[in-house]
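Listed features, source TrEMBL:
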type	residues	note
BINDING	Glu161, Asp228, Asp231, Asp402	Mg(2+) binding site
Amino acid sequence: MIGISLNAQCLSQVFQLQFLFPQIQTRRRNIYFSRATPSYSSPFQTNFGSILTSFPFISISSCRQTQTIFCATMEDYNNTAFEALSSDKYFKELELAVKAVQMACWLCQRIQQSLLSKTNDHVQSKDDNSPVTIADWSVQGIVSWVLSESLGSDNVSIVAEEDVQVLSKVAAIGLLEAIVKTVNECLSEAPRFGLRAPVMALSTSEVLEAIDRCNSMGGSSGRFWVLDPVDGTLGFLRGDQYAIALALIEDGEPVLGVLGCPNYPAKKEMLSYHDGYCRIASRLMSLSSESWDRGCVVYASKNCGNAWMQPLLHKEKKFVWPNSARQIKVSTVDNPALATFCEPVEKANSSHSFTAGVAHSVGLWNQPLRIHSMVKYAAIARGDAEVFMKFARAGYKEKIWDHAAGVVIVQEAGGVVTDAGGHPVCFSKGMYLEGLDRGVIACAGAILHEKIVKAVDASWNSSSL
């Protein structure tokens, strides 16, 4: 054990551990300080104990003549995560998928910054009039190439949202050139993410081949991947929330899910620390900007009983699996009056009025958390919210890529996801959630889920959906 006295240096180190290594939670190493320390004259003198115990990674216990602060090292935490993940049936596929999504998040952050900083011609319209950018096709090409190179193209089948039809038009020549350039720039960074880069830059035909390889129709048998390269394109274009969603489905059931959320805070507590503890810590040390970086990747595989979150890879750092992963769990709130519910931002394919009515009838009084994309599933899995309801308007069909990754993550984090009839969401009927009973309901626990399902039943007949 290492002994350090309770002085400014000690307090500074405590804050440094919290802010620079927020994922520290598990296996403990001991840092202790003596009760017989010099007095420390500061604004923290009378409230030092309460300040320390407010941090989730610190516990203080008496042991003879010392008080001990227990905390983990980064190495300890990585080992713990690795041990838990390495025994998983889908360990190889999960590691590959997380690395691919990490790299896709890096790419999307660069593209989003470019789009927001200037007017551009790299936004097209799909048949349903929703915007699509070079990010969609670039991410699809990159993920397709990485999976095929690592697992063998004969072993990889992918269902994805985008196709190459728009790119085959003469008017899209400039867009295609930008996509090819973007894909190659990103793949050149592959070694930093623990992936193999192509020997030579991909040609236009090779990039198109990778994008077009995502032509599976899904089904009830065999193995296939499901990719939404940029879920929540409107959020992406507005500098708001969006997600890169990748799932693996076997015999009609999602068995692995990865959600990259480039604009979502890696740690919810950072938001509250910003006004309070950040000012305290800033007096004692110089905080690195990385302590406040946004972005995380959440993931899980079926029947492992764990869901994980890790920060995005920033600057010139290299990815080392499992890269500071920490376990996440759903909220323990089961009282509707205390719960927060998520719903889509856009009204085009969901009914805000119906979900608001259900929320009111069950006693959900908190302001709804409206988030673009599958980040809503991440919010439930992390315990930032308790309920996600989506009820499509007449004529809209839910796609499997909008739910597959999120469903397995929430379930493994301890939550419940079903259709509005309480049945498991079916991913075995092709590209759409055929047979879906009214809508999708995700909750932090079974008690809350049962209350929401009953409220939906009571309200449904009076709705216009």
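Backbone N, Cα and C define each Cβ position, glycine as well.
Since the structure is predicted, the reported quantities are computational estimates derived from the model, not experimental observations.
Around the Cβ of Glu161 (Mg(2+) binding site), the same chain contributes Asp136, Gln140, Leu227, Asp228, Pro229, Lys399, Trp401, each under 8 angstroms and 6 or more positions distant in sequence. Other residues of the chain with a Cβ within 8 Å of the Cβ centroid of Glu161, Asp228, Asp231, Asp402, the Mg(2+) site, are Leu227, Pro229, Val230, Ala245, Ser373, Met374, Lys399, Trp401. Here the binding-site residues are Asp228, Asp402, and the one whose Cβ sees the fewest other Cβ atoms within 10 Å is Asp402. Asp231 (Mg(2+) binding site): 28 other CB atoms within 10 A of its CB, across all protein chains.
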